[in-house]
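Only one structure is covered here, and it is reproduced in the block below.
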Amino acid sequence: MKAVIFDLDGVIVSTDELQYRAWKHMADREGIPFNWEINNRLRGISRRDSLEIILENSSKTYDEQQKMELITFKNDYYVKLLDGLTQDNILPNVMELLKKLKSDGVKIAVGSGSKNAKKILDKTGLSNVFDAIVDGTEIKHSKPDPEVFLLAAAKLHEKPENCIVVEDAKAGIQAAKMANMIAVGVSDARNSELADYKVDDILEVVDIVRELS
Ligand code: BG6
Ligand code: MG
């Protein structure tokens with residue numbers, strides 16, 4: 001194993017709560033029921049696909065222009081919430097894991113479907129930590145499509161089969177397997193049947209990489 005590609009939201013940084021608050025802000029304005037169970041179905045997928053899932057619970061029909069307005073309303077609120085991010089929002093043991101991988105000579109990358117990834121990395125002081133970054137502005141197809149991870153491997157000059165993906169979303173685990181990579185599930189992705197490994201503590205990734213090298 002030569003490289004580890006990390007999802008960002010829910011793996012490196014705890015933005016899940018902010019995503020939830022932003023979608024809830026939009027849903028409350030529209031009178032659409034929204035809760036954490038629905039929010040968990042949005043993990044890893046694009047904002048457009050997320051909106052369609054939220055609208056399953058709406059009695060009103062929205063045309064394309066109205067849908068775009070809802071997405072903009074949500075994203076504007078979300079981006080304001082992101083202003084409050086600091087290094088304290090980096091999830092436990094992540095910095096130690098990145099340091100250990102680097103000292104083992106393993107390349108590290110971010111593979112995120114978020115168009116706000118650069119801002120999140122900037123606010124948390126992680127902009128210059130990774131060997132490669134791929135975000136939602138660079139891809140045509142969002143997870144579970146493997147595009148984001150294949151592009152990350154290409155930027156690292158590594159073959160997909162030499163890469164491990166760490167994900168908190170089932171859609172991300174699917175994407176990793178479609179990319180022919182080893183998939184490690186954390187958080188909600190521990191429920192994924194497709195995950196090759198499921199870990200409680202992200203530091204376990206060090207042992208997985210060593211075991212597979
Ligand atoms: C993923 C999140 O990382 O990015 C999803 O898990 C989100 O919940 C997606 O919908 C797109 O994010 P953004 O910031 O571009 O709306
Ligand atoms: Mg995620």
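Backbone N, Cα and C define each Cβ position, glycine as well.
Here TrEMBL flags Asp7, Asp9, Glu167, Asp168 as Mg(2+) binding site. Per TrEMBL, substrate binding site is recorded for 7-9, Trp23, 42-47, Ser50, Lys74, 112-116, Lys143. Marked as active site, nucleophile by TrEMBL: Asp7. For Asp9, the entry in TrEMBL reads active site, proton donor/acceptor.
Following the DSSP three-state reduction, the secondary structure of Trp23 (substrate binding site) is helix.
The Mg(2+) site is set by Asp7, Asp9, Glu167, Asp168; from the centre of their CB atoms, other residues of the chain with a CB within 8 Å are Phe6, Leu8, Gly10, Val11, Arg43, Gly44, Ser112, Val166, Ala169, Gly172, Val186, Ser187, Ala189. Lys115 (substrate binding site) sits 17 Å from Glu167 (Mg(2+) binding site), taking the C-alpha atoms as the reference points. On a Cα basis, Glu167 (Mg(2+) binding site) lies 21 Å away from Trp23 (substrate binding site).
Within 10 Å of the C-beta atom of Arg47 (substrate binding site) sit 22 other C-beta atoms, taking all shown protein chains into account.
Checking each of the binding-site residues (Asp7, Asp9, Asp168) against Ser112 (substrate binding site), the C-alpha distance stays within 10 Å for Asp7, Asp9.
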